[in-house]
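Remarks on the structure that follows.
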Amino acid sequence: MDLTYIPEDLSSCPKFVNKILSSHQPLFSCPGDNVFGYDWSHDYPLFGNLVIMVSISHFKQLHSPTNFLILSMATTDFLLGFVIMPYSIMRSVESCWYFGDGFCKFHTSFDMMLRLTSIFHLCSIAIDRFYAVCYPLHYTTKMTNSTIKQLLAFCWSVPALFSFGLVLSEADVSGMQSYKILVACFNFCALTFNKFWGTILFTTCFFTPGSIMVGIYGKIFIVSKQHARVISHVPENTKGAVKKHLSKKKDRKAAKTLGIVMGVFLACWLPCFLAVLIDPYLDYSTPILILDLLVWLRYFNSTCNPLIHGFFNPWFQKAFKYIVSGKIFSSHSETANLFPEAH
């Protein structure tokens, strides 16, 4: 946002608001008052993540450490779509915040908490996959139910304490008198960070977990290649030839999945955190339209998560068929076999 012409006091508010309104084009253009229900960016995260939540909760065959992490992440993304995004859509459409400063602080705190929680879940899933691929014999002793509970407690509690503590204390806008004038003049409601907290947020909430994920997935990719080379020495005229084909196929799928996970993560989050880091040093000169686009780019990650971690897996596809066909309401459907190839 351009804070160059922020007035020094509230007496110049009308002139300032007219200037901003004349230069700002809303991100969405929706006729009528119903901007909640008909936008794919709001509906799909709700639907996709709800399917993941129902599938893992209902089908006992999906009760595994990895899937419990995915279930928790889907809950995070569902809450983002259900609680946060409707108000964000209204803010983007109307270019204004109508719900007061108190609810603005709750909205921005909860928004940041859920987004950071989603990132922490991605990092936890990477750790889980690391043990599953690199140390398969030790996986069941490392990734126990107790370990998963500790990871989930960390993924939820740390972002909650950080986000609500930062926003409610107004430490993120400390020393930014122009921000307070902007809120008073313009009914402004958006996450804004000063130089110190912008740097802290970039380092601890993006660079550190992102580096961990890149390192872990790089290691997984290398180990998968090593496994494939070992299996390639199995004689073709043995039963191992079939396992060789399946392992190579799984290796290619694993490499593809890893590429998609990291590609989507970096595409959705790198521009956003770069703006958080750089914008304070540019005197907040980034146009509001660009900031709006970055907000929705972050939300887009919640749309991609159920696709990457759920629907690309054949057992979730079968669970989805059970749900849409209504078979999920039949007796003993929770014990349905979603892995027929295993028998």
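Backbone N, Cα and C atoms are what each Cβ position is placed from, and that goes for glycine too.
Each of Cys30, Cys96, Cys104, Cys304 is a candidate, yet Swiss-Prot gives the disulfide link of Cys189 to Cys104.
Relative to the membrane, Lys60 and Ala336 are listed by Swiss-Prot as lying on one and the same side.
When you go through Asn145, Asn301 in Swiss-Prot, the residue listed as N-linked glycosylation site is Asn145.
In this view, Cys104 (disulfide bond) is surrounded by 20 other Cβ atoms within 10 Å of its Cβ, with every protein chain counted. Under the criterion of 3 or more C-beta pairs below 8 Å, with sequence separation of 6 or more, the transmembrane segment (199-223) and the transmembrane segment (151-168) do not qualify as touching, having fewer than 3 such pairs. For the pair Cys189 (disulfide bond) and Asn145 (N-linked glycosylation site), the C-alpha distance works out to 40 angstrom. Here the topological domain 'Cytoplasmic' (309-343) has long-range neighbours at 48, 51-52, 54-55, 58-62, 70, 73-74, 125, 257, meaning same-chain residues at least 6 beyond its ends whose C-beta is under 8 angstroms from one of its own. The two recorded residues, Asn145 (N-linked glycosylation site) and Cys104 (disulfide bond), have Cα atoms 37 Å apart. Counting residues of the topological domain 'Extracellular' (90-150) by DSSP class, helix then strand then coil, yields 53 helix, 0 strand, 8 coil.
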